[in-house]
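Annotated 5-phospho-alpha-D-ribose 1-diphosphate binding site per Swiss-Prot: G82, 85-86, T90, 92-95, 110-118, G122, in sequence order. What Swiss-Prot lists as anthranilate 1 binding site is G82, N113. The Mg(2+) 1 binding site annotation in Swiss-Prot covers S94, E233 and is backed by sequence analysis. The anthranilate 2 binding site annotation in Swiss-Prot covers R168. Marked as Mg(2+) 2 binding site by Swiss-Prot on the basis of sequence analysis: D232, E233.
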Amino acid sequence: MISEVLDDIIDKNRNLTVDEAYECMDDLVSGNYPNVVVSSFLTALRMKGETIDEITGLTRSMKNHAVQIDYKPEDYLIETCGTGGDTFKTFNVSTVASIIASAGGAKISKHGNRSVSSKFGGADALEALGVNIELSPEKVINSIDKCNFAFIFAPIYHVATKNVMMIRKQLKTRTVFNLLGPISCPTNVNARLTGIYDPELLETIAKVAMNLGVECGMIVHGFDENGNPAMDEISNIGKTKVAFIDNGDITVKYITPEDFGLSFSKPEDIVAPETPQEHIQIIYNILNNVTTTSQDRARLDLCLMNSASILYLTKKVDSLEEGVIYSRKLIEDGSAKKQLEKIIKYSNE
């Protein structure tokens, strides 16, 4: 299919149908095309601008080629992740938020790889904490059932795209795979909290997510204190643009820390630390409710906002503000800290 459509994409800016995009991904993972053709296809799509149908078709094929995890949630199974590629580097916010929210009953399938834009990614952090990130499908299901959380290490499950990943690294520029990774989780997620590096793409990814079976979700991009695009997650230093998904409807609006019952923080208080050891200490401080400095409080607030969003999307609370109150309680009574211990235990069974 790639050989049939490549000229039209380049010469005519032609958009692909869902089926054509699906077949193109089949071609990409087949290994039958020279690297230069694959590079040309990915670059041509990037220059044209990837459409909802194209991202949908590519993702469906990518998920079909992945190692399957046959987990059928009774209510909501949420994926929490971001694209990376943002400009403002924070600590492992989604990782900590997932630990807290799973302690509150949210079932979470966290799908990811090692660091993309951060200095120390979610997979790196979980591994350093003692979590086994290389789980088989059976162990993923067991971990979700036992402690509401499992990490799905992308390279194990998306083996078919290995050759394409090598080409991506050689290109050293964004491709459609920066968007496919966070939305191609092999579990049957029906809820989603996903950070995107470009605020202009939120509605596009929200529509793709609905095409993939997501019933409720928040596709987000956080801004800095000056209103500049900054981070692929909810922000507590500025406003956050959100595409809310609610059973077939999409609503795009801006939210602020005040919607969570919190105040704005200073950028310097949430910026990523320099070393892995500092990242891990931040996680421990949050789970132990350390609030000594302004940095401690700002980092805690950021995690509370993200945890609150997960709890809200999975219907464990009725509002974002209630989600913050519940998340704070889970930390203060030790539930979140015990949850990390459970995640470590069941991931290593």
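Think of each number as a place in line: the chain as shown, counted from 1.
Glycine is no exception: its Cβ is also placed from the backbone N, Cα and C atoms.
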Among H111, R114, R168, the most crowded of the binding-site residues [Cβ within 10 Å]:
H111
All-chain count of other Cβ atoms within 10 Å of S94 (5-phospho-alpha-D-ribose 1-diphosphate binding site)
27
Taking just the CA atoms, what is the gap between T90 (5-phospho-alpha-D-ribose 1-diphosphate binding site) and E233 (Mg(2+) 1 binding site) in Å?
9
By Cα-Cα distance, the member of binding-site residues N113, R168, D232, E233 nearest S94 (5-phospho-alpha-D-ribose 1-diphosphate binding site):
E233
Which Cβ among the binding-site residues (T90, N113) has the fewest C-beta neighbours inside 10 Å?
N113
Nearest of the binding-site residues (G82, H111, N113, R114, R168) to D232 (Mg(2+) 2 binding site), judged by Cα-Cα distance:
G82
Where H111 (5-phospho-alpha-D-ribose 1-diphosphate binding site) falls in three-state DSSP terms:
strand
In chain order, residues whose C-beta lies under 8 angstroms from the C-beta of E233 (Mg(2+) 1 binding site), counting only those at least six residues away in the same chain, are G82, D86, T90, V93, S94, G195, V220, G222, N306
Counting every protein chain present, what is the number of Cβ atoms, excluding its own, within 10 Å of the Cβ of G82 (5-phospho-alpha-D-ribose 1-diphosphate binding site)?
27
